[in-house]
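S.K.: Dropping a structure here in structure tokens format, bear with me for questions.
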């Protein structure tokens, strides 16, 4: 509560009662005392509120069950804990608490524990509860914000889109900002009844009823208790829907990317025209709204993940995340581990914090972590300067080319430093009117900059990239003639606009084009090596995430600007948020084709069949760099997903729950830290020799000291034959610089499907004196007459 409001309220009360004081002094004194007491209560109440926050509490399931059983309690275990905390706090104070502990959610499926609003005093008594493991403060995660099926080969080679494969019931749970259920991408004509294993519901709420669900959108829920506690106020229903309905567009976009139905003649204002479809367009969708106008709290995300697994989803898709942190304090990692144990594959976006190294999020080895790259479809523009130089840009603006107009650099178009970014109110109309304004990216949104230019009287805009943003070109739905330019062209435009007395420029718009070199890694895509798991290469794979066309709510403008009154059914967005649902949908395809495959086996198939060459036969490049444009496994993981090849990978690297436990032991997690993930009393073996590199992962990450010479390490792998019953493989190694790689045995011979064979890989450092933080890369490939099973190698010197 705001104390200023409280004091004003009481001032008003005092003024209203003061008229009677002259008649009855005693009455006035009594009123005064009551007011003082009430004010003291309100101050105490405000202090208590300030002392409380939401915690995600982890409990040892085995110990708490035993404790409750011994007390013969008929209450649910979480209520017993809350009651104990409340009673103990009251006994300490000798009176009833002003604000007791408030339970938000109980988690029992993908993890074990609860979320509650607690004070520091409550935490003290929580520590006395048998089975208590930890209490992690709630935090805010953010959203990591077609033609893709054709680029991925799903239309040209229809092996995965056969009637028998698509008929299987696979449910994709999408945790995002909700869904727009009336969109044609979510119509259910031709679909069979809802899968019998589905246990979810369609929750009612603001402008959302159970009738909004159908045989495509089979479930929808909304989670907001954590969000409201985090911000200390109710959700504003004039801004958002207190229901699964999407008010941001992000969730509708991602859900349709994963599993939207086929929609012919889909386009964005005439651009990118074609048939829009999800990766597995017959999959069922369960929408869990966990993200609101200011983000997504982990307590809500965990509640949704827990419920989704209980509801019966087969794949979970999360295009959201926060900063990297140890797995035992990473709520998404903890819940994902529980989901994986239940056979649910969890796919997450890598994050949009590139091109800086070690920014990759959602990096737990049991999570499928997805980077973002381009397709060969572009929306090119042409910028012509007054000196005749021409540059290629990108834009979704629909209109005629501009004439050659005066050009002004934003930095020179206002009185403050913010003018170079074209932020709100920073541009001087006298310096901008009738001109094309060159604005730097950053601080505010790209389309917002165009709005500022237009409001100041400008006639066009050029968005300038800096060196970190590289040659990344976003196609944005600008409300005036505008385009983005890469870093090299932007450098020339800056110099030209500041060195010429009367600089001019023009912009022309060239529509939709195809066959550019692709994929190219997005500069914004977060990169490895992982800060919390350097023994595993992250991200795992890359998928289309630049300028992706997908479903859009008709009430949300495509530019997110209130002044933009355009309505569209499909919008074009970029981000690892867009690449993640591509892989979620492809994973659903593999799940329907191989019902007995574990989440790790599906991950392995996607990783070992990924490709590293673009459509021109050259190595995949990186938009972030001009000097060394080739991307590495720390940018794209194993490579770009290849759905058709992944459906028949030959060999897979499977990982059991015990393998993950041993991995956690090898990175020196304590028993209590492992219990947070395992929900059991797993004890690390003191006799076994455990090393993180022995996790049966489909890639190899090796760390050497920078002065290492003749240092070596040997890792073991086990592969399972899922291809031809009788098959032989020979190993091929592409050696990383400074390291010798040897494999034993060099040949693997399988006699039947399902047979497992092991091999050892030894990495020997052959050259010392490396720069700390430098890396080199290679690969290990098992080759047969039909298959190539590839694993990337990343060597890092510390």
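Cβ coordinates are placed from backbone N, Cα and C, and glycine is handled just like the others.
Any TrEMBL annotation is an automated prediction that lacks curation.
Here TrEMBL flags 176, 250, 577 as active site, charge relay system. The domain 'Inhibitor I9' annotation in TrEMBL covers 54-144. Annotation source TrEMBL lists domain 'Peptidase S8/S53' at 168-617. Residues annotated as domain 'PA' in TrEMBL: 405-489. Here TrEMBL flags 694-795 as domain 'Subtilisin-like protease fibronectin type-III'.
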S.K.: Within its own chain, what residues at least 6 apart in sequence put their Cβ under 8 Å from the Cβ of residue 176 (active site, charge relay system), listed in sequence order?
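M.R.: Expected: 143, 246, 250, 251, 254, 255, 287, 288, 289, 290, 291, 317, 318, 319, 320.
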S.K.: As a test of reading the model: what is the averaged pLDDT for the domain 'Peptidase S8/S53' (168-617)?
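M.R.: On average, pLDDT over the domain 'Peptidase S8/S53' (168-617) sits at 95.
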S.K.: Could you tell me which of these active-site residues, 250, 577, has the fewest other Cβ atoms within 10 Å of its Cβ?
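M.R.: Candidates: the active-site residues 250, 577. Fewest Cβ atoms within 10 Å: 250.
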